[in-house]
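Look at Swiss-Prot and you will find Gly8, Arg11, Arg91, Arg137, Arg140 tagged as CTP binding site, backed by sequence analysis. The ATP binding site annotation in Swiss-Prot covers Gly8, Arg11, Arg91, Arg137, Arg140. The Mg(2+) binding site annotation in Swiss-Prot covers Glu21, Asp23, and the record cites sequence analysis as its basis.
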Amino acid sequence: MDVYLVGGAVRDKLLKLPVHERDWVVVGARAEDLLKQGFLQVGKDFPVFLHPSTREEYALARTERKSGKGHTSFDVFASPDVTLEDDLARRDLTINAIAQSEDGEIVDPYNGVQDIKARKLRHVSEAFTEDPLRVLRVARFAARFAHLDFTVAEETQQMLQEMSASQELSHLVPERVWREWEKSLLTQTPTVFLTLLRDIQALSQVLPGITADDSQLQRLQRTSAYSDSVTLRFASLFIEQETPESLKQFCRQLAIPNHYRDSALLARNHEDFITTPELPEKAQLAALLKQIDYWRRPEKLEQLLQLRQAEYSESKQQKSIAAQHKKLRSGAEKAAALNAGTLQQQGFTGKALGDALREQREQILAEALN
């Protein structure tokens, strides 16, 4: 029985990047062999085990054969006769098909080390086309490693284009599409994910409604340079969305979590506030705070201010926008602290109470912004 470190951990070590989790493959063993050593089996579709002390994942060497449509229809075969090379052959990219033995020896049957040096994302074999999810994985890796100058190999780009044309991507479940996109939004260059899918004519299949036009991409890049927040990055893509209904439909179609949808709707509904360098007049500001329910949900104003700051983060107005926001935050906090009970004690009731509360809040905002 031989044990090898595989996949992303080996790749990231070779790239001198932090290794966050380690996966292992076990060659020449049966499930019973690991169970006897105290491993806990967790994989239902294929034999994966948790180490009794480290809780890291150990998988028996296996091969796969496509048995139907989509990315889940595979027959898995695990046996002591499956070699390390057989196991690595089923992986997507050569940079992910490198192993390291327990004594530190690199095993690289598909020239992944060479592709790391050449900064190329290249498929391991023709079996790559059997799993449509790999199109999104390559796009995600392209986004993740773009800052290290990685690009997709020409023959792999051609294969991605052919997979897109085959309509295999239509068999992907929405949750998996979203998961890959969400991961790409965590990278330094999330625009690369979208541009690659656009270039291979896959964008309309997996993310209908995302155009990846210049305006959308530039705004996403600005927001990404300004903030690590996936929520802000996602919301920035929908600032110019035509209707709230189309945005809601898009989020339903991809099973996108509600907090992302709500943030995108907030951005879309307040496009003018985000994209106009001058703040609105005091009455409009007070109305905005009421509309977004600032008095109970102050985080909504903060999101709008962050998106607005990102919008001007590369302009000469950056400092003046930041100064505006500092004053607005202060004024909004003071306005929120205004107590309606005090006004009631002064004799205000009903509509008069509401009018007085609004007028005093407007006055507080005006004073804060002067």
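A Cβ is built for glycine as well, from the same backbone N, Cα and C atoms used for every other residue.
Here the features listed in Swiss-Prot are placed on the structure.
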residue	record	contacts (Cβ under 8 Å, 6+ apart)
Gly8	CTP binding site	Val19, Glu21, Asp23, Asn96
Arg11	CTP binding site	Ile95, Asn96, Ile98, Gly112, Ile116
Arg91	CTP binding site	Gly7, Ala97, Val124
Arg137	CTP binding site	Asp92, Leu93, Glu180
Arg140	CTP binding site	Glu180, Lys183, Ser184, Thr187, Phe193
Among Glu21, Asp23, which are binding-site residues, the residue with the most C-beta atoms within 10 angstroms of its C-beta: Asp23
ATP site, defined by Gly8, Arg11, Arg91, Arg137, Arg140: further same-chain residues with Cβ within 8 Å of the Cβ centre: Gly7, Asp92, Leu93, Ile95, Asn96, Phe141
Greatest inter-residue Cα distance in Å for the CTP-binding set Gly8, Arg11, Arg91, Arg137, Arg140: 15
Secondary structure of Gly8 (CTP binding site) (DSSP, helix/strand/coil): helix
Where Glu21 (Mg(2+) binding site) falls in three-state DSSP terms: coil
DSSP-derived structure type at Arg91 (CTP binding site), helix or strand or else coil: coil
